[in-house]
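Asks: Input: one structure, supplied below.
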Amino acid sequence: MKNIGNIISASLRHPKPEGATFSYGTAGFRMQADFLDSVVYRVGLSAALRSRKLNGQTVGVMITASHNPAPDNGIKLVDPQGGMLEKSWETYVTSLANAETDEELQKEIEKIVKVTKIDMQGGMNVIYARDTRPSGEVLAQTLKDALDAIGATSTDHGVKTTPQLHYLVRALNTVGTVSPYGEPTESGYYQKLSIAFRKLLKEKPRGSTVYVDCANGVGGPKLRELKKYLGEECLDLVITQDDCGADFVKTFQKPPPGTKLTPLQRHASLDGDADRIIYYYAGQDGSFRLLDGDKIAGLAAMFFQDLVKSAGIDLKIGIVQTAYANGNSTNYLTKTLKLPVTCVATGVKHLHHAAQRYDIGIYFEANGHGTVLFSPTALALLETHEASSPAQHSALESLRGLSNLINQTVGDALSDLLLVEAILASKGWGPSEWDSAYTDLPNRLFKKVVKDQSLFVTTDAERKLVKPEGLQEKIDELVAKYSDGRAFVRASGTEDLVRIYAEAKTRSEADDLGMRIMALVS
Ligand code: 16G
Ligand code: MG
């Protein structure tokens, strides 16, 4: 490889911390920013190799640690179609990140080139962006160091939300093709979303307000930008920057401290890199109500089912959830709407993959990560189908609009916000009508620091433990004692601990079940 000398000499400036082991987790590498330098350098090399493997198509790199504390950071790769890095490549990236010496690094690079049969003659294109974390700027420099050393063409897109970077990657790779994804710029992204949203609202003024807390992250400035494109008459957005965000609201089931809820007023919280959103509101009686990812999935499923029926077309709708989905949300989808539901392991990449099996695949994690995917067949049908009545025409137009409004590369808080708002506007609903589809089963989430989280091995989409031996039987025995009881234990993919989820018919039963399993795990 002709640039190997450059790669190794630049690598001297980014030495690997001795003995450290890095793993490509649920959403890439994530840790205290101080330890990330060598990882970022090597991810840069991997991105370039991946691009070369795919004939120079543009690959994306995002520097973010999502909702983790400010001193953390992370890095992940985006494949040319805008989705997450293909699974088999996670191993290669990990082997580069863990090469102990520069000689080993060279060997690993040469091995990847050989094993994946990369023809090194030709260009490599990589774009990158970061969220607003203070450590992002220096890490972006390191990334550039790697891309320069290996000889890749690269563009720094500065501060972006994670889904914006995914959008840019897909848009860049589809310029001039039969299905261009959109103009490959940040303003192209806002234009695509806002034009679709205004069309869906049929330019009708919405006249009500939604309060959005952007978790002190990159969502704040970007939502402010999007707001300019939307126009006040379409949607009145009040943007706040609380420190907590979606994770706090979901975990503690209360509004961010300092946020006062007026009954029936819509509120939403994003996370740090704006790929996750949840809604909440106060009921007429002032009680706190959560409208999480499951509720968004339910709303979207109901809406898409109606539209597909009204449009008179045959498209198979399916929903993908994880074990964290509330039992009653699954009941609503399967028993009330009678739609197929698949359960997969935690992490956007697993849901995304499973959702691609449907014509319209709706996927949401309870924590608010999610989107809706239209298969190529579905898109073609929407394009060509001729309506035989004004009602069919209108439903088809709405489906077309939604396919543009929804970011199909990855879950996107800004796009999901507009999706929810478009559905509510179309139904003339407030949050309580939306909420009335079903009532969540009371549930509790615990975390437990253990000596070695790798001892906890799961199966059946993380719903059952195979190791430690005997533990699952004990959990089953406990669960059987509670009405509508369900519980599972899994190792976190982003933190060094074990998570415990329990739900049951009443609040006290859910608490009790969770606490007992916590004691078992200890
Ligand atoms: C990451 C995942 C998210 C998942 C969460 C689970 C992406 C973009 N993000 O944030 O989907 O819900 O991890 O974390 O894939 P845990 O393994 O610590 O429970
Ligand atoms: Mg995130």
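Just so you know, glycine gets a Cβ as well, placed from its N, Cα and C.
Sharing the record's features from TrEMBL:
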- 55-101: domain 'Alpha-D-phosphohexomutase alpha/beta/alpha' (DOMAIN)
- S66: active site, phosphoserine intermediate (ACT_SITE)
- S66, D271, D273, D275: Mg(2+) binding site (BINDING)
- 109-178: domain 'Alpha-D-phosphohexomutase alpha/beta/alpha' (DOMAIN)
- 292-429: domain 'Phosphoacetylglucosamine mutase AMG1' (DOMAIN)
- E365, A366, N367, R490, A491, S492, G493, T494, R499: substrate binding site (BINDING)
- 468-518: domain 'Alpha-D-phosphohexomutase C-terminal' (DOMAIN)
Asks: Excluding near sequence neighbours, so keeping only residues 6 or more apart in the same chain, what lies with its CB under 8 A of D271 (Mg(2+) binding site)?
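Replies: Counting only residues 6 or more apart in sequence, the Cβ neighbours of D271 (Mg(2+) binding site) under 8 Å are S66, H67, A215, G217, G219, G245, A246, D247, I277, G368, A413.
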Asks: Which of D273, E365 has the fewest nearby Cβ atoms, counting only those within 10 Å, among these binding-site residues?
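Replies: Counting other Cβ atoms within 10 Å of each of the binding-site residues D273, E365 gives the minimum at E365.
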Asks: Let me know the largest Cα to Cα distance in Å among the substrate-binding residues E365, A366, N367, R490, A491, S492, G493, T494, R499, as an integer.
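Replies: So the maximum pairwise Cα distance among the substrate binders is 17 Å.
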Asks: Quick check for the class: what is the C-alpha distance, in angstrom and rounded, between E365 (substrate binding site) and D275 (Mg(2+) binding site)?
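Replies: Between the Cα atoms of E365 (substrate binding site) and D275 (Mg(2+) binding site), the distance comes to 12 Å.
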Asks: Calculate the distance in Å between the alpha carbons (Cα) of N367 (substrate binding site) and D275 (Mg(2+) binding site), and round it to a whole number.
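Replies: The Cα atom of N367 (substrate binding site) is 11 Å away from the Cα atom of D275 (Mg(2+) binding site).
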Asks: Calculate the distance in Å between the alpha carbons (Cα) of D273 (Mg(2+) binding site) and G493 (substrate binding site), and round it to a whole number.
Replies: 18
Asks: Tell me, what is the mean pLDDT of the domain 'Alpha-D-phosphohexomutase C-terminal' (468-518)?
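Replies: Computed over the domain 'Alpha-D-phosphohexomutase C-terminal' (468-518), the mean pLDDT is 96 on the 0 to 100 scale.
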Asks: How many Å lie between the Cα of G493 (substrate binding site) and the Cα of D275 (Mg(2+) binding site)?
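Replies: Checking the Cα atoms of G493 (substrate binding site) and D275 (Mg(2+) binding site) gives a distance of 17 Å.
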Asks: Just checking: which of the binding-site residues D271, D273, A491 have a C-beta under 6 Å from ligand 1?
Replies: none
Asks: To which of the recorded positions S66, N367 does the lowest count of other Cβ atoms within 10 Å belong?
Replies: N367
